[in-house]
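Data block below; observations after.
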Amino acid sequence: MENNNNNNNNNNNNNNNNNNIVLLKCVSQNYEWGKYGSNSTVAKLLKGYAKECSDIIKETIPYAELWMGDHVSAPSKVEYKNKELKLREYIDTVQKEINEKSSTSSSSSSSIRGEIVEKRFGNDFPFLFKVLSIRTALSIQAHPDSQLAQVLFKKYPNIYKDPYHKPEIAIATTPFEALCSFRPLSEIQSFIDTIPEFKNSLPNNLIKLDDCKEYLKSIVTSLLKADGLLISNNLKELNNRLNEKREEERDDLDRLVLKLYSQYPGDVGVFFAYILNYIVLKPGEALFLGAGEPHAYISGDCVECMAPSDNVVRAGLTPKLKDVDTLGDMLTYRTGRPDLVVPQQRPDLSLTNYRCYQPPVDEFQVEYYHLDDCCKNINVYSSKGPSIVLVYSGNLSIENKSNQSTLNNLHTGSILFVPANTDYQFIQSDSSIPVSIYVASVSNRIFNKNNL
């Protein structure tokens with residue numbers, strides 16, 4: 001499914017200026033865990049940006065993810081001079097035209113990607129931007145660091161399809177359930193001691209080691225490598241026991257285990273409810289996941305941004321390949337509460353109207369803008385790198401101050417590419433309809449580093 005909205009005053013084909021803001025056609029992914037049909041935010045965004053999608057959305061199909069970027073598996077596209085180009089092709093084509101034009105004039109050419117971004121990332125688009133709409137739990141998984149990603153890509157290119165690491169941020173847009181990072185070891189041990197089905201799934205000779213990380217690793221790897229029939233039988237007993245409880249006797253963790261079992265009966269990943277932290281993010285709260293941090297998204301909607309990778313090492317809650325050995329060796333085994341990203345505020349705007357989520361990586365940051373009765377337009381600080389704008393809800397125009405053009409009739413689901421060093425403004429079209437916008441860009445961290 002692609003974004004085909006071209007109802008704007010600024011025609012992508014007419015101007016070779018490197019500050020053109022252009023519409024993107026983006027691709028949805030129909031993974032089985034996604035919400036079905038019009039219940040999915042991804043489907044609503046598809047309907048919003050292209051009227052023709054309204055007849056294409058099928059209520060029996062899961063719409064799990066919307067991808068925005070230049071990943072080889074689902075690159076965004078741009079209509080340019082009556083051709084449909086992948087985002088990378090579009091950038092390269094326009095950059096070549098700009099360079100050729102500057103070579104015949106006294107003006108110097110500037111970079112669409114941004115000079116610092118090109119030095120740091122070359123011609124690779126620095127990030128992958130997504131929307132997720134989750135019906136059933138995603139796999140117990142973690143992402144490799146840069147070194148391991150290169151090794152996995154070289155050894156297993158059919159499984160791990162790129163050589164990049166995948167740090168990521170998930171910003172909740174609805175209540176958002178997740179398992180993330182290891183619980184304190186004392187909590188895990190307490191569950192082993194008090195939940196017989198969990199204890200019986202571990203070896204009788206499991207030794208409590210003084211080294212907490214090594215002990216935790218032995219618990220995890222022993223569980224992942226346990227006999228499948230043993231795990232299945234113990235989970236069945238656990239499910240039966242929890243179902244025998246009255247509803248008022250069950251706690252949130254009991255309900256989580258029952259939910260996971262109903263979705264993945266007999267899967268060892270169900271036991272990870274006792275190993276990983278269970279959290280429920282409120283809308284606007286954000287979770288950062290670095291390399292080697294185990295996690296599983298369970299339900300809800302989020303905006304997600306990451307390095308441009310699709311590398312996932314799985315070990316549970318999935319019918320897909322489980323790479324138990326790789327996962328067991330790559331996890332950090334860091335215990336404690338998950339890393340929530342505290343949004344930064346702009347001095348001239350309230351947290352209601354602006355939030356910047358900046359995790360500790362160079363590839364990306366995400367800004368949130370909200371237009372309402374009290375704040376009908378917002379000037380966007382230009383980034384020294386490329387940006388992708390997602391209109392999550394509402395109607396607006398974008399005034400491009402760098403080339404004195406305006407894009408009108410933007411609405412829910414409109415997605416745009418913004419070149420580096422472009423000044424622009426969001427303008428609310430209808431004061432009765434609030435507007436929510438997410439902007440992914442290269443982290444200001446790398447520009448601040450270069451200014452030191």
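Glycine residues also receive a Cβ, built from the backbone N, Cα and C atoms like all the rest.
Among the features that Swiss-Prot reports, Zn(2+) binding site is placed at Gln141, His143, Glu168, His295, with the record citing similarity to another entry. All protein chains considered, the CB of Gln141 (Zn(2+) binding site) has 24 other CB atoms within 10 Å.
Taken from Swiss-Prot, the feature active site covers Arg314, and the record attributes it to similarity to another entry. Around Arg314 (active site), the same-chain residues six or more apart in sequence whose CB sits under 8 Å from its CB are Ser139, Ile140, Gln141, Lys320, Leu321, Lys322, Asp323, Leu327, listed in sequence order.
Cβ neighbours of His143 (Zn(2+) binding site) (same chain, under 8 Å, six or more residues apart in sequence): His165, Lys166, Pro167, Glu168, Leu289, Ala291, Gly292, Glu293, Ser309, Asn311, Val312, Val313. Residues Gln141, His143, Glu168, His295 make up the record's Zn(2+) site, and a Cβ search at 8 Å around their centroid adds Ala142, Lys166, Leu289, Glu293, Pro294, Val312 from the same chain.
Cβ neighbours within 10 Å of His295 (Zn(2+) binding site), excluding its own Cβ and spanning all shown chains: 24. Neighbour count (other Cβ atoms within 10 Å of the Cβ, all protein chains): 24 for Glu168 (Zn(2+) binding site).
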